[in-house]
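Some notes on the structure that comes next.
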Amino acid sequence: MALYSAAAAVLEGLERGDGGVKSLVYNSRFPHVRQLYALVSETLRYSPVLEKLLAGAALLQAEKKLPPQLAKVLVYDLLFGKGLKCGGRWKALARRHQTRLEAELARLKVQQKVSCNEDLLRLCLTRPDSPASQVPRYVRVNTLKTCVDDVIDFFKRQGYSYLGKAASVEELRALSGKKFLSDLHLPELLVFPPQTDFHDNLLYTSGHIILQDKASCLPAFLLSPAAGSHVIDACAAPGNKTSHLAAILKNKGQIFAFDVDTKRLATMNTMLMRAGVTSFQLAQQDFLTVDPGDPKYNKVTHILLDPSCSGSGMVNRLPREEAAPSAERLQALAGFQRKALSHALCFPALRRLVYSTCSLHREENEDVVQAVLQERGSAFRLVNAFPSWPCRGLAAFPGAECCLRASPADTLTHGFFVAVLEPCGEGAAAPR
């Protein structure tokens, strides 16, 4: 029952706007993070179907003490998952309504003229205008363990049709069925239709592929440290960006990764080991307390700073969880982000820094960058990163167009913001 309670708590946190799926899962303290993340992700994916089933079967009206998010989780596992794994009163309650729920599911399939659950979800019940229904499934090939060609061959043997490299975002938007493409921007990214699920796929469970949104791959890609570099990942958990950095470094050099939460670090360590990452040191420490003058960090030339944010760009959230965060919360987040960015720029050997958030709000993005650049005078400059990227920063200050933005509508990704900073006078790397 602990699994279902934890999943329901994550869904309730999403509904309140407490954070994104990954942060809530990793902060849940549930011991089996991968199991919890998979259940929450699949419950969210089936949410349109589950809402219709709950309404049609009148389950919440019949069981007034059953919390709505717990009902969703239970019904998902009962009808679409691997069967209920709990005992006690909630299992008895779900079993009591199983026949009615199964009949409602059959009625929906007949009504929509489909025969399987995936078709019901994909073709009939996802809102065509919802962000989650537009964003493809992105798969980053973990080059520490395999190569892109071998992963493509693996999926072809599993019955997928490879269509080559995409020439436009519209080609990604048109993906359907068991077809996939190589991404047009990032060479180690494969793109599948939105509802594709790989949580049980051998390549995922063995660490050969990482399920990571395209926008989330931009920070490490744009930081682009050379093999052998010393790099800081300032707010590192859950670790996808850290593993991406290690792949770019080819496991040569050193990554110093920080997070304040012991549980998140332990989970991250497991994830990095599974991904074959060896060149890293994890530290349970607030990045703001890390001493830039410590000799340990005197070779750090690259920093990736992806601090806590509102998560307003994440599309895999509940429909009701779309209200803007309060002005007080935005102000508090922006204050922390400014401190973190200013602190990161104090490392003496720094040659390139990437600042990123999964937020849509100017207060956490352009305003933070502008404030810190002004504070630093002429010591640092914005790099015109990735000139071919279609979405640029808001015109909040001169040069803000050097920043990148991403969105479901324009780039078929989660909402995201990225800024690349370098010391003035340094020989800049060629813009990516």
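Start at 1 and count along the chain as shown; that gives each residue its number.
Positions of Cβ are set from backbone N, Cα and C atoms, glycine also.
The following features are taken from TrEMBL:
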ACT_SITE  C358  active site, nucleophile
BINDING   C235, A236, A237, P238, G239, N240, K241, D259, D286, D306  S-adenosyl-L-methionine binding site
DOMAIN    127-424  domain 'SAM-dependent MTase RsmB/NOP-type'
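Features as recorded by TrEMBL, highlighted on the structure.
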residue: C235; record: S-adenosyl-L-methionine binding site; Cβ neighbours (10 Å): 20
residue: A237; record: S-adenosyl-L-methionine binding site; Cβ neighbours (10 Å): 26
residue: G239; record: S-adenosyl-L-methionine binding site; Cβ neighbours (10 Å): 29
residue: K241; record: S-adenosyl-L-methionine binding site; Cβ neighbours (10 Å): 26
residue: D286; record: S-adenosyl-L-methionine binding site; Cβ neighbours (10 Å): 13
residue: C358; record: active site, nucleophile; Cβ neighbours (10 Å): 25
Worksheet entry | Across the domain 'SAM-dependent MTase RsmB/NOP-type' (127-424), average pLDDT on the 0 to 100 scale | 92
Item to complete: Between any two of C235, A236, A237, P238, G239, N240, K241, D259, D286, D306, the residues recorded as binding S-adenosyl-L-methionine, what is the biggest Cα to Cα distance in Å?
Response: 19
Discussion item. Roughly how many Å lie between the Cα atoms of K241 (S-adenosyl-L-methionine binding site) and C358 (active site, nucleophile), rounded to a whole value?
Written reply: 13
Worksheet item: From the Cα of the residue listed as 'active site, nucleophile' across to the Cα of D286 (S-adenosyl-L-methionine binding site), what is the distance in angstrom?
Response: 20
Item to complete: Whole-number Å only: compute the distance from the Cα of G239 (S-adenosyl-L-methionine binding site) to the Cα of the residue listed as 'active site, nucleophile'.
Response: 15
